[in-house]
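Notes follow once the structure below has been shown.
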Amino acid sequence: MTEVAQTPSIGKDDEEPGNPGGELRRRQNGREPDLAPHYLHRPAADQQVRLSVIVPTRDEAENIPALLSRLGPALAPLHAEIIVVDDSEDDTPAVLARHAADAPVAVRLLHRPPSARTGGLSGAVVLGARHARGEWILVMDADLQHPPESAGMLAGIALRHDVDVVVGTRYAGEGSNEGLGGAAREATSSWATRLAKSLFPRRLNTITDPMSGLFAFRRTAVDLDRVNPIGFKVLLELLIRHPGARVAEVAYEMAPRHAGHSKASVREGLTFLRHLWRLRSQRLVGQMREGPAATRDRLRELGRMIAFGLVGLSGLVVNTAALWFFYEPANLHHLLGAALATQLSTAWNFVLVDALIYRRNRQGALAGRAGRFFLLNNLLLLLRLPMLQALVWAGVGILTANALTLVALFLVRFLVNDRVIYAWGSTGRRDPVRMLVNLEAPEAAATPSRKRYQYLKYRYDVAGVVTIGSQIMLPELEFFRAQWIADSDVDIAVRVSDVGGRGPRRRAAMTEYANQSVLRYEEHLGRLGANFRIQLGSPIDIQVGPLLARSPHVVYTNIIEALLRFVLVSRGHMLLHSACVSLNGVGVMLSALTDTGKTATVLRLLRDHGGLFLSDDMTLISPDGVATCFPKPLTISAHTLRAVQAQDLTPAEWRRLQFQSRLHSKGGRSLALTLSRFNLPIMGINAITQRLVPPPKYSVDRLVPCRIGTTTQVEELFIIERGTPRISDLGQAETLERMIQNTDDAYGFPPFRYLAPAITIGEQGYGQLRQREREILTGFLSQVRSRVVASDRFGWADEIPRLLREERGEPATTQTAVLPAWPRWSGALAPSGARA
Ligand code: GDD
Ligand code: MN
């Protein structure tokens, strides 16, 4: 092995996929030589690297053997490479070269000579990241404080989840920082964290460990040119510079250092403070510049400025009166008097500003806002006092001089309030829901309540493919009611239970217990809120809190359907967002963006052209082009109903409909989506809203007389659009993308986004299931002709039958696939691959 145990050469590398050399040169401003990692070891199967693990090292020779031998197996299944960025004076590079050959993944080394060690640890990490080949980059220490096994699991989670940054946390869930070694270090670390969080209350609000040295990020989500960290805190810089990055945390237990000693020092501590100061001041400048762009918003800001001015005027009165009091009767020095008066007027102003002007922009705790408000006014006081003194010397009366200084700084005070303290922070807002993955720790099991029974009262058999048992009635699945299914045979069980902690919490959280396949969603209101828990397995066990149990629509749409979708995929079917009817024996599928007029078209096709109904919202499809019915009740608007002149609704139902359709329209949904960007108990709000005003849902045959078909061979797919009338063919690839996008949109409402990536069914993870779903759809579409039909007069229901008649001639009178006799899904109807 001696031939590799030489000091590795610096510079040349065989290839540079991650980084065009020009960019590197530009970044380094000619200060540093071109540095690139070279391969110490490159296994044969190294083509497709998904993950680059960056390990910064400084004098870690004793840790390298153990690091490599533990990291290797942890990374083996992940298509990874290791990039060591070394600033050592000891023989770390040589030891690394000696051990690299045994690693199952590629090992690259970038040794920085003393002249090129800019940025210390952080500089090393950023430089390494520039050379990364993987789509994900994991950063970890070399001293085994970040257990390689945890690091590997964290990377696995990152690769699977739909987020941009995954932070290894010591401060949440079962994480711990005991490995830091020493109470003093632990205390410093947790205080440093608090300091950083209080300086960036919004940007770091969902993150418990922004100082972590163990983290991963998606390469495309981070602009390396925008980060220029100094010292140890790369992650902090990354989070602050990328406010829109979606973050999840993984709780891990920090281990003690394996060998050698920590490079943390008082000097690093000072560098950290300097780093914080730089981040904060740059951000402040950025915030002050981030004025509103649209005229309307500028007018609003002007309005707030006037209001702020009025409050300020009243504060000026308070301030002047107080100053008079301290100066005249109390006989204090005028500067001291001014300082005291400022505290009083600041309190006065804060109460008014916080309660009146920025009532809707309030974020975080009252104490935090008050603290920042006082801090600002006292900093400005430091500016004002010399001004005041100068004016007094110039012969201006003390009260007048004081008022002048207050007025002079009005604009600064307003802008800092408007753009910093109460900023809407519209640019890149982080998801308000905390995502936490617990690697090893077991869930603190809630004791099953004896008040509640376990029996599943309602059973459903979804087209013979998936069975569901539920304690709450699921109106969406009413068509599939199948009470003959045995309790023990269900694939998905839904029970009412107390989920989550008793007390209220600051924000909603999705917690995943990786080793138990448990997912728990909790909202602000504690057990009273819309909490749920999912245990993946067979059966999939869903527990919903009592509030959710009263809103079956919410439970169905946001939880059950999402799971049902992937169970169906694992059994070879897809729930495609589309409507389906059978017209004279021809399977016709319709797809459209929300609120185009799909439902009205479906109803008119049924009423005017004698179609069979299969589905309106989701259709169950299989790769052979067959669609199976999925007849959920239709969500209708008053508009739709008028279009088909539904007869059967009572006057009370009509009256209610006006109201219901407004709330449950596209506008209502987008309002809910907007709300979900804020730290609100969105599922709870949703559940209560739907409880008070249920969505207007009616079974299809109550709206128009029709029959329901069970399966049909789909031959035509029409994507209906509003616009200048036209009909044009759509290629398969484009149709595929559109349909996937459309289906994703249907699942856009949280918490799907937070829970989906954790879904594993059978052996298949979320990514694989998505891939499988794509294949099913590809197969399906290969059997179908796809066209876009645009109309400006809602004329699709006339246009489509006309087209079919022209192309296929007059219909034969035979109709296919009408409902079979009871029980529905037996024998030939049950698609292959259904329950064993
Ligand atoms: N290339 C390079 N250059 N690597 C360095 C340098 C440097 O100047 N300084 C330290 N390292 C490497 C070390 O060799 C080790 O692999 C890793 O960075 C962490 O250094 P430690 O000296 O072990 O630091 P620590 O354990 O005190 O700090 C860790 O925990 C902090 C949180 O409390 C680090 O992970 C920090 O990033 C983290 O903030
Ligand atoms: Mn360490």
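Placement of Cβ uses the backbone N, Cα and C atoms for every residue, glycine included.
Listed in TrEMBL for this protein:
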REGION    1-42  region 'Disordered'
COMPBIAS  23-35  compositional bias 'Basic and acidic residues'
DOMAIN    52-222  domain 'Glycosyltransferase 2-like'
TRANSMEM  306-327  transmembrane segment
DOMAIN    308-421  domain 'GtrA/DPMS transmembrane'
TRANSMEM  333-358  transmembrane segment
TRANSMEM  393-416  transmembrane segment
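With a threshold of 8 Å between CB atoms, the same-chain residues lying at least 6 positions outside the transmembrane segment (333-358) that come near it are 304, 307-308, 311-312, 314-316, 318-320, 322-323, 326-327, 366, 369-370, 373-374, 377-378, 381, 384-385, 388-389, 392, 398, 402, 417, 422. Same-chain residues lying 6+ beyond the ends of the transmembrane segment (393-416) with a Cβ under 8 Å from its Cβ atoms: 288, 304-305, 308-309, 312, 316, 319-320, 323-324, 327, 334, 338, 341, 376-377, 380, 383-384, 387. Counting residue by residue with DSSP, the domain 'GtrA/DPMS transmembrane' (308-421) contains 98 helix, 0 strand, 16 coil.
Averaged across the domain 'Glycosyltransferase 2-like' (52-222), pLDDT for the predicted model comes to 92.
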